[in-house]
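Here is what TrEMBL records for this protein:
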{"type": "DOMAIN", "residues": "4-69", "note": "domain 'Golgi pH regulator conserved'"}
{"type": "TRANSMEM", "residues": "12-31", "note": "transmembrane segment"}
{"type": "DOMAIN", "residues": "139-278", "note": "domain 'Abscisic acid G-protein coupled receptor-like'"}
{"type": "TRANSMEM", "residues": "150-172", "note": "transmembrane segment"}
{"type": "TRANSMEM", "residues": "205-228", "note": "transmembrane segment"}
{"type": "TRANSMEM", "residues": "240-260", "note": "transmembrane segment"}
Amino acid sequence: GILSIEQLISRVGVIGVTLMALLSGFGAVNCPYTYMSYFLRNVTDADILALERRLLQTMDMIVSKKKRIAVAHRTMFQRGEVHNKPTGFWGMIKSVTASVPGSENLSLIQQEVDALEELSRQLFLETADLHATKERIEYSKTFQGKYFNFLGYFFSIYCVWKIFMATINIVFDRVGKTDPVTRGIEITVNYLGIQFDVKFWSQHISFILVGIIIVTSIRGLLITLTKFFYAISSSKSSNVIVLLLAQIMGMYFVSSVLLIRMSMPPEYRTIITEVLGEL
């Protein structure tokens, strides 16, 4: 019926799997770009010093022009006090509209100040980006940085393989019968020709891999949603945002259970399928 567990989970699963696909696509691009040294541009101390010098020169120019505006305002005020004492209504109009001889073009200087301030903001952001890139370069030279660099290459290849296999499965309407860990261990054992208990170790490694996938995916989801909600939340919308977060977490959990079946050995996969129904 329409209110059966299969109907409800299947409809929730459509939205949840779509959400997981979007987050996975973002992570598949963002993670290698963040951790792989291949994407790091070469930044030297000379580049940072040159940009900081340009930023300081721009700030000096802004200060100088603002000082000229302040001096001009003071001069105009003093001249207005001494020479243009307004008498009556027409005197006030004349004091406002009349230009003082020898005064600076304040509107033009103010436009230059606005342009320089925008330039200084851009230079500051670029300087901060160079410092962050420099820190990433230093971090990539450490043991942990090299480890993440290796993982970046490994998971990039794994991601391309998963995309290729998912496309093949969709086009030919195939359903995998063997989980990736068991299949990988079988190929390795057959290639190397060693004695290995595939069934025992594939079961344990599959559960470890599933646990890692659950923890890291939910952590990544929470971090991403937290950044998003910080950007749009307010005192009036906080309750709605918390409710939306709870709904998304529920859909995400159901979708994780649906998708994780393919990473488990067949006997455990059957148990989950019996609980969820024929999905």
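Glycine is treated like the rest: Cβ placed from N, Cα and C.
In TrEMBL, annotation is done automatically, which means it is predicted and not curated.
Tertiary proximity for the transmembrane segment (150-172) is limited to same-chain residues at least six positions away from its ends with a CB under 8 Å from its CB atoms, namely 28, 31-32, 35-36. Across the domain 'Golgi pH regulator conserved' (4-69), the DSSP tally of helix, strand and coil residues reads 59 helix, 0 strand, 7 coil. Distant neighbours of the transmembrane segment (240-260): 9, 12-13, 15-17, 19-20, 210, 213-214, 217-218, 221, 225, 229, 232-233, 272, 276, 279; these residues of the same chain sit at least 6 beyond its ends, with a Cβ under 8 Å from one of its Cβ atoms. Model confidence over the domain 'Abscisic acid G-protein coupled receptor-like' (139-278) stands at 77, taken as the mean pLDDT rounded to a whole number.
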